[in-house]
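Enquirer: Dropping the structure in here first, questions after.
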Amino acid sequence: AEAEAGAGGPRLAELLAAGRRLWDELEAGAEPSSGAPAVQDKVRQGLEALQRAAAMVAQLELFSENEELEEIASADLKFLLLPALLGALTLKQVDMSRRLEHLQSAREHFVHFLKLCSNYGLGAAPLPPAGPTEGGTGGEDTPRAEPSLVAMAMSRKAKIERYKQKKELENKLASMRSFVEGGTADEDQIREFYILQIQKWISTSLEELESIDQEMVILKSRDAARQAPAAPQGPSRPIRAPVRPFILTRDAAQAKVFGAGYPGLPTMTVDDWYEQRRRQGIVSGQSVPQRAPGVSDEELQKQQQEKKEEEDDEEALQKARNWDDWKDTHPRGYGNRQNMG
């Protein structure tokens, strides 16, 4: 593998170095928004460089499942980081219309990196469970059992331990970086430096995979809610035919008078209008006042009052009797003392 890497020349190392440099600039960048054009240009350039490097590694068959870690040249160990860096840069893209696609792509890169590390026994990297894009039911989320309290506690403890190990690795890498990059480190120090980097990225990949799976569940639930048909909000109201304009009159006599003056508009008495509305089901028959033909409004009101007094309305009857008695004993104008003369 060392000879084949050498045949690839410094071009492969330059591509990896360019991708690493852009990643470091993005992590330490001062841009307030990840969607800024300058940030996304660096993401695009970093992805292009790393994708070209990964294609060259695959063409050279730099890594094999049948070899041991000791068989990999120290200078070639850094190329194991390519899938992890590709996954991290893929997550930096901000096109929300393709967010699910980017999450799936990043997940594939991280899983590929962990599988490589597992093959070489690096960091005892545990492989994550199959996600939405692996195995199962052809792309759909497989139902998972509710985690027990013991499992949750163990997971939390593992995260804490992983965080502590990551911090220790970062401190070691910071102390060794100047020697390796300055060219004063020997081969053993270079090998240790790259293995520490790989172990740090194993921890980072596990964290990113957990975050990716959670976000994918949220996005799929949101898309399912958008595609679900809207539930009916209530019974639909019957469509009524439009009402044609007409002249409303008190009685038939007025209808004849107005009808003669406005031949273009039909006339309708109140009784006819109520009857029409009752047939349409808009008003009930009890709300229609029954009126004899030729009876005026004053007469109808008087008849209703007399009918009311004749019924069991004791209060109205008693009030009318008291008023009659008072008028018998008090002449008209009684009590008016304002215009005495």
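We count from 1, first residue shown onward.
Each residue, glycine too, has its Cβ placed from N, Cα and C.
Got these off TrEMBL a minute ago, pasting:
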COMPBIAS  299-308  compositional bias 'Basic and acidic residues'
COMPBIAS  316-331  compositional bias 'Basic and acidic residues'
REGION    282-341  region 'Disordered'
Enquirer: What are the helix, strand and coil residue counts for the compositional bias 'Basic and acidic residues' (316-331) according to DSSP?
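Expert: Taking the compositional bias 'Basic and acidic residues' (316-331) as a whole: 14 helix, 0 strand, 2 coil.
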Enquirer: Just to be sure I understand, if DSSP states are collapsed into helix, strand and coil, how many residues of the compositional bias 'Basic and acidic residues' (299-308) fall in each?
Expert: 10 helix, 0 strand, 0 coil
